[in-house]
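**Student:** Take a look at this one; I'll ask things after.
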Amino acid sequence: MLSIDPIDHKPGHAYVSHESVHVTVNKVGPFSNPHETYRYYSLPFCSAAPSTFDGQDGSEDGVIVGGKKHRQGLGGNLAGDRKETSPYDITFGDQVPWRQLCQTTLTPEDVAAFKEAVHNDYYFEFYVEDLPMWGYVGEISGEDLVLGEIEGSRTYLFPHLHFKLGVNGENIVSASIYTQSHRKVDITDPTGSIDVTFSYSVEWINEANLSYGNRMSRYVDSAFLPDSLEIHWLSIINSFVLVLLLTTFLSVILIRILKKDFSKYMDLDEEIGGEEEETGWKLIHGDVFRFPHHKMIFSAAQGSGAQLACACFILLVSALVGIQMGGTQWVNNIILTSLLFPAPLTGIFAWVNSVAIAHKSTAALPFGTILIVLSLFVFVSFPLTIVGGILGRNLAKDFNAPTRTKKLPREIPSQGPWYNSALVQTLFAGFLPFSAIYIELHYIFASVWGHKIYTLFGILFLALAMLTVVTSFITISLIYFQLAREDHRWWWRSFFNGGSTGIFIYAYSFFYYHQKSAMGGLLQGSFFFGYMAIVSFASSLILGYIGWAGTCVFVKYIYGRVKCD
């Protein structure tokens, strides 16, 4: 089992011969539930003996007593890390064939705890020089791959760990842990006490071809991590070609129809008297730019979508849209924009964190970390939203619709067949963009909700580009046919059409959880479905904004090309 941390091109700590190398323990948990993690010492392993060191492994200048928690940053706390010192005594370059760590008598309660951990495929995580290492707590022999544990199977604990550390000059560039099955201890019977000797060995190897900055290269091929992200190039290419053909086909049809419409309407304008009755989308030119109901919510949704899509403080959109629509409650609009996404996020986080606290999991954020995140919102995000809203209000210009809006809204005719209904078209609008990304979505899920590092960023960029283009095209096409049916209510419809992909993403998460993963339990289920609800909601806001923005440009364009009274 091999593990390397993310790329860091700065040189690491320069060791000298026989210098102490500190091993940090982090957490344990079921392998199939990546977010269900607990403190390493929640299991009765050998505890750290009191010692001090000079601040390596996460401490900059403080003295840390053995067995105490390490100081770590916000990122570590958010990731559920709870690093603590360990009793392993390793010195740079010194081979250790075998060394006793501690000798202890496991009580029946300790044996039961270890047995339950082994039956749940618990793994542990260590760090050496910021390099993560993983290993299993134990194993079950005589277990059937299909039926699971069968009668006569035995449960074993791994009390011996073999460290394999690679060096390049004076730097540690690789770290691995191996468990040795010939030194395992039988813990099948949890009713009695068991004497166990925990031990370890250390092997140093020369890694002259592996530089400190390229430690990540071996991590991707780790034998411990499941090799489940092999690229299915044929499937990805098929998906891309299918979406490209559908988009091209739809675009060609739409362009031909528009050319025909423009030619027809221009010929009507040139006829003397213009007595022929107008039909189609031109007929509703006096209503198509009528602003929608619930303008404040609509503009707030656009602002939140733009903010998330750009991943920066582009906070003018909501205020601009709101003011252009004649909105006057701009203060309420700013507040709604700033809370539209954080409010549900806070609610789901409160539930998930409460479940983690009840399970005593390291995934529960400490109170100090919660205060830091809350302070970032109160003192950074929210004030910047206010500033962006004020700037948007002062810089807002008129909407500049190409046609005048009538005082009374036009009556909307019957929509005809069932497939013209808003629900059917909204679901259809979400299905095609989802089909462009669902293959890549599987790989992303396996990385975020698994143990594999995602490295396919080029394909991810291609998938996101397809998603953006397809969302715009399908939304524009459906809105055009809606306008052709003389239905001018396109504002909210364009947002819902674009954002409906989020519904399919959340639906896919149920399929992935039950069919493609081994996750289970209240804690992991709360994390998965809670945060996937937030991701799906964010996707709906982002794609809803993309759908509306593209449709708005399109509608302005087509009505600006024809002459309307």
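Glycine too: its Cβ is placed from the backbone N, Cα and C atoms.
In case it's useful when we look at the structure, here is the feature table from TrEMBL:
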{"type": "TRANSMEM", "residues": "233-258", "note": "transmembrane segment"}
{"type": "TRANSMEM", "residues": "305-324", "note": "transmembrane segment"}
{"type": "TRANSMEM", "residues": "330-352", "note": "transmembrane segment"}
{"type": "TRANSMEM", "residues": "364-391", "note": "transmembrane segment"}
{"type": "TRANSMEM", "residues": "418-441", "note": "transmembrane segment"}
{"type": "TRANSMEM", "residues": "453-483", "note": "transmembrane segment"}
{"type": "TRANSMEM", "residues": "495-513", "note": "transmembrane segment"}
{"type": "TRANSMEM", "residues": "525-548", "note": "transmembrane segment"}
**Student:** Where, among 330-352, 364-391, 453-483, 495-513, do we find the most CB pairs under 8 A to the transmembrane segment (525-548)?
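**Tutor:** By the under-8 Å Cβ criterion, the transmembrane segment (525-548) pairs most with 495-513.
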**Student:** Take the C-beta pairs under 8 A between the transmembrane segment (453-483) and each of 364-391, 418-441, 495-513. Which stretch has the highest count?
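**Tutor:** So the stretch in question is 418-441.
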**Student:** Grab the same-chain neighbours of the transmembrane segment (418-441) for me: Cβ-Cβ under 8 Å, and only residues 6 or more beyond its ends, written as numbers and ranges.
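**Tutor:** Residues 232, 235-236, 239-240, 242-243, 246, 456, 459-460, 463-464, 466-467, 470-471, 474-475, 478, 482, 485, 493, 496-505, 508, 543, 547 contact the transmembrane segment (418-441) from elsewhere in the chain.
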**Student:** Could you check whether the transmembrane segment (364-391) packs against the transmembrane segment (495-513) - three or more CB pairs closer than 8 Å, residues at least 6 apart in sequence?
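**Tutor:** Touching, no - the transmembrane segment (364-391) and the transmembrane segment (495-513) miss the threshold of 3 or more Cβ pairs under 8 Å.
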